[in-house]
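Q: Before anything else, here's the structure in question.
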Amino acid sequence: MYLGFLLLLINSSIRTEEWPLWKNWWIRGILTLAMISVFFLIIYMGSFMLMLLVLGIQVKCFHEIITIGYRVYHSYDLPWFRSLSWYFLLCVNYFFYGETVADYFGTFVQRREQLQFLIRYHRFISFALYLAGFCMFVLSLVKKHYRLQFYMFAWTHVTLLITVTQSHLVIQNLFEGMIWFLVPISSVICNDIAAYIFGFFFGRTPLIKLSPKKTWEGFIGGGFSTVLFGFVFSYFLAQHQYFVCPVEYNSETNRFVTECEPSELFQLKKYSVPLLLQAVLGWETVNMYPFQMHSIALSTFASLIGPFGGFFASGFKRAFKIKDFADTIPGHGGIMDRFDCQYLMATFVHVYITSFIRGPNPSKVLKQLLVLQPEQQLNVYRTLKSHLVEKGILRPSLDECFFP
């Protein structure tokens, strides 16, 4: 009742010509809250559901971009175009996710001989599948359509590069710990929402011609809000093993597990407050998680560079004279319209982890060793044992003393 009265009061205070603008605002706001709620439900359901979500988004984004090419170039008469596009999508996914299975499901694969064959010759099989598609494309070439067919061949491969490669990186980040998945994605979402709100209420100065509705006020307000959000959000996530532990597959229970002793990144440490802030805050020291410092870097990228993914998408849509990638989500456009910045963010997070965070992973090395033949495992054991003896970590056995 009170909500209805409030909506009536707001509507009565808005000029008639502003109704479409406010209507779009309410539609976007309600659907944004709905999508965030579904997203948190999937997080609660676990890592595997998140992986399925990423895969589903990837397929939908691929479909939207391919459909645009299909319509723009009027490629209705091209033989095998759509079939080959989806075939190449399957080939590339088989290659990337086959590599993931080999890396993270080694013990599971070891128990099944048919899977061992697929993993051992995975790259050869992937290449053979791609060659089959390549040959089918060459056989499908017809007169008067050569240029258009090569246009669409290139369109398909660029689309695969944008969608499949980046979604693969998203899942790689997820395996490092759910926090490396949630903080970047949430930062981009927060920046999008905050920039929209600041721009809606305070926007006056245009930011870029590619997106006339983007303003400097929204860009700056969204940036500060995103950094603050990332810092606070990471503090709450860092307190729970469920979010900070690497995602691993337990072959005995056939489930993904997130249990570990949290690394130093997720243990509270005392930091000295800079002198300039001591006078304002009244604190000389503060307890923080080291990951919060990394969250500042992630949030800064999401607010400064992340929007350029959206600008790129805007330029793409203007080039082909379309408003949105699709009309899947009312008020938002297509799935690609919502995830254009996420793909750029996924690449940055992966590069950031490999450059500044990731060290040797003992569990991953162990899984790779378990896949080796017994003779190879014995050679690794002897080499490691002799290395530890030379360093003085292990004492030489009696047999080694008398029979070196």
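Using the three backbone atoms N, Cα and C, a Cβ is placed for every residue, glycine included.
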Q: Checking feature assignment: transmembrane segment per TrEMBL, candidates 291-313, 337-359. Which range matches?
A: 291-313
Q: Kindly say whether the transmembrane segment (25-57) and the transmembrane segment (177-203) touch, using the definition of 3 or more Cβ pairs under 8 Å where each pair is 6 or more positions apart.
A: yes
Q: With pairs fewer than 6 apart in sequence excluded, do the transmembrane segment (177-203) and the transmembrane segment (291-313) have three or more C-beta pairs that lie under 8 Å?
A: yes
